[in-house]
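Colleague: Sequence annotations record features per position, and here Swiss-Prot assigns domain 'tr-type G' to 12-141 based on sequence analysis. Among the features that Swiss-Prot reports, GTP binding site is placed at A21, H22, I23, D24, A25, G26, K27, T28, D85, T86, P87, G88, H89, with the record citing similarity to another entry.
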Amino acid sequence: ATEDGKRAVPLKDYRNIGIMAHIDAGKTTTTERILFYTGRNYKIGEVHEGTATMDWMEQEQERGITITSAATTTFWDKHRINIIDTPGHVDFTLEVERALRVLDGAICLFDSVAGVEPQSETVWRQADRYGVPRICFVNKM
């Protein structure tokens, strides 16, 4: 808040955006690029080097996968964008379910080589249940 008690960014300019897909489709890598190009990070973190901003747990860094949904904030134009990077492994589907409840929209990533994979279909159906609007992002081209 500012000195006069008002929000620095009005609530109407907040966006809660989820990143969802099958494991290894590039969710965390894409999130790292968003953070870099919006000026949030000065360096792009790499999943397989254990330097990704969003994979903060030691086990995530060791395994190179997202285990828990992680949230961060960046800014674009006049908007505050809260990004939630969700796990892609089937064992962590409930993490995606929890995140969907607060999303204004989601980016659904698809690996251009692997195509539509089972967990992508699962998270798509989950987003349908919560009425979350999505855009598709085809990755690894």
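From the backbone N, Cα and C atoms, a Cβ is placed for every residue, glycine too.
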Colleague: In the structure shown, which of the binding-site residues A21, I23, A25 has the fewest other Cβ atoms within 10 Å?
Modeller: I23
Colleague: Which secondary structure state does DSSP assign to A21 (GTP binding site), in the simple three-class scheme?
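Modeller: Coil, per DSSP.
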Colleague: I'd like the number of other C-beta atoms within 10 A of the C-beta of K27 (GTP binding site), please.
Modeller: 27
Colleague: Please work out the number of neighbouring Cβ atoms within 10 Å of the Cβ of P87 (GTP binding site), leaving out its own Cβ.
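Modeller: P87 (GTP binding site): 26 neighbouring Cβ atoms within 10 Å.
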Colleague: Please spell out the DSSP helix, strand and coil residue counts for the domain 'tr-type G' (12-141).
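Modeller: Split by secondary structure, the domain 'tr-type G' (12-141) comes out as 46 helix, 35 strand, 49 coil.
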Colleague: Taking every residue in the domain 'tr-type G' (12-141), what is their average pLDDT?
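Modeller: That stretch averages a pLDDT of 83.
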Colleague: Starting from the Cβ of D85 (GTP binding site), draw a 10 Å sphere and report how many other Cβ atoms land inside it.
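Modeller: There are 26 of them.
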